[in-house]
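Pulled from Swiss-Prot:
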- Asp376: active site, proton acceptor (ACT_SITE)
- His98: heme binding site (BINDING)
- Asp333, Asp376: Mg(2+) binding site (BINDING)
- Gln60: site 'Important for oxygen binding and stability of the Fe(II)-O(2) complex' (SITE)
- Lys338: site 'Transition state stabilizer' (SITE)
Amino acid sequence: MEMYFKRMKDEWTGLVEQADPPIRAKAAEIAVAHAHYLSIEFYRIVRIDPHAEEFLSNEQVERQLKSAMERWIINVLSAQVDDVERLIQIQHTVAEVHARIGIPVEIVEMGFRVLKKILYPVIFSSDYSAAEKLQVYHFSINSIDIAMEVMTRAFTFSDSSASKEDENYRIFSLLENAEEEKERQIASILSWEIDIIYKILLDSDLGSSLPLSQADFGLWFNHKGRHYFSGIAEVGHISRLIQDFDGIFNQTMRNTRNLNNRSLRVKFLLQIRNTVSQIITLLRELFEEVSRHEVGMDVLTKLLNRRFLPTIFKREIAHANRTGTPLSVLIIDVDKFKEINDTWGHNTGDEILRKVSQAFYDNVRSSDYVFRYGGDEFIIVLTEASENETLRTAERIRSRVEKTKLKAANGEDIALSLSIGAAMFNGHPDYERLIQIADEALYIAKRRGRNRVELWKASL
């Protein structure tokens, strides 16, 4: 890639050097005068494509993209020799964002085609001479084509790397502590089954019972299990079993009086038992040949490291957009960790990180993700958790750590606390924006005295 970018730098530099200065000046003049119009027209046309629309439907994104597009047009069409290296880096950065969000390369290519199409009448409606118009158009189109090539090549490289990480994460997830995960999920679905059966046998209210897809097991399967075992036939079988039983469950919940009829009650209980039994059999088959593998895991805390953060965020954001379900993030910092580490030593610091990590695991669901983000900072991705549920989870974790007892080597008690920033997904497709606003909330929590939870609001 380095050699390629050097070659493109030489080509772009050559294009700028060969163009007459008055022609370059006129191209820059066109860009400055018409960038706003070109940006608006560009997104108007691009949004007609339904595939592109899904990436541009967020109002905040559209507003930011329009202003970014204006700057991009001015930068590319006003390029001087000294600007070329910086412009190549800009294309690389834009490509990384596109890959991170998951914008397909064909949408990017369509965008460049649209830009060149709408630029033509703008240039040829100017009061330049016919020869000047042709030269300005030639310089502008070649500049855009070089920028497009650099961006597309960088995008393909980033997207390919992301695809490899997606597959690496799938394999890691499949292999990581598989036996324990299998037993945990079997216990989860059995607990759900027992809860419903007891309520039916004791004539208790079923109103608080959840359909299988919304129970802990169902959430784990939809957010993790499907991905772990992608492409294996048993996944489809489990999906159908969950879907079919949810239909029966919802129908029963609409008229619970039917359960007073013994034959209907027995039929419903057998449907529960058969569904759970089949799912457990299929789960055992899926996990049967899986063994432990720890690539992608933080050795000290046994949490995920940040390697798979893009893969998971991209998938969960796509799921949230597709289903309309909530998604939230907690960024967590151990208060005064450096001071504790410096005072009591690294062994004590490591023990604190292990205890804090255990508090995370004990207070999240199996469908959530916990990462060691770096040092004493952690990220938790909460799937299908409302704002209230997100804050309750954060407060539970904070309270648990505050009550954790830890003694230094000399017997002195060490006080532990966490500052937590929370943020709800608001439709912006770039996960780094979600992390950024959660980080802003974390900063507020620290500024307001630490040992507290703050939820990001636009007014913060």
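Cβ coordinates are placed from backbone N, Cα and C, and glycine is handled just like the others.
Model, not experiment: these values are computed from the prediction.
On a Cα basis, Asp376 (active site, proton acceptor) lies 6 Å away from Asp333 (Mg(2+) binding site). Here the recorded positions are His98, Lys338, and the one ringed by the most other CB atoms within 10 angstroms is His98. Note: Asp376 (active site, proton acceptor) has non-local neighbours Asp333, Val334, Phe337, Lys338, Gly349, Leu353, i.e. same-chain residues 6+ apart with C-beta under 8 A of its own C-beta. Of all Cβ atoms in the shown protein chains, 22 besides its own fall within 10 Å of the Cβ of Asp333 (Mg(2+) binding site). In the three-state DSSP scheme, Asp376 (active site, proton acceptor) is classed as coil. Under the DSSP three-state reduction, His98 (heme binding site) is assigned to helix.
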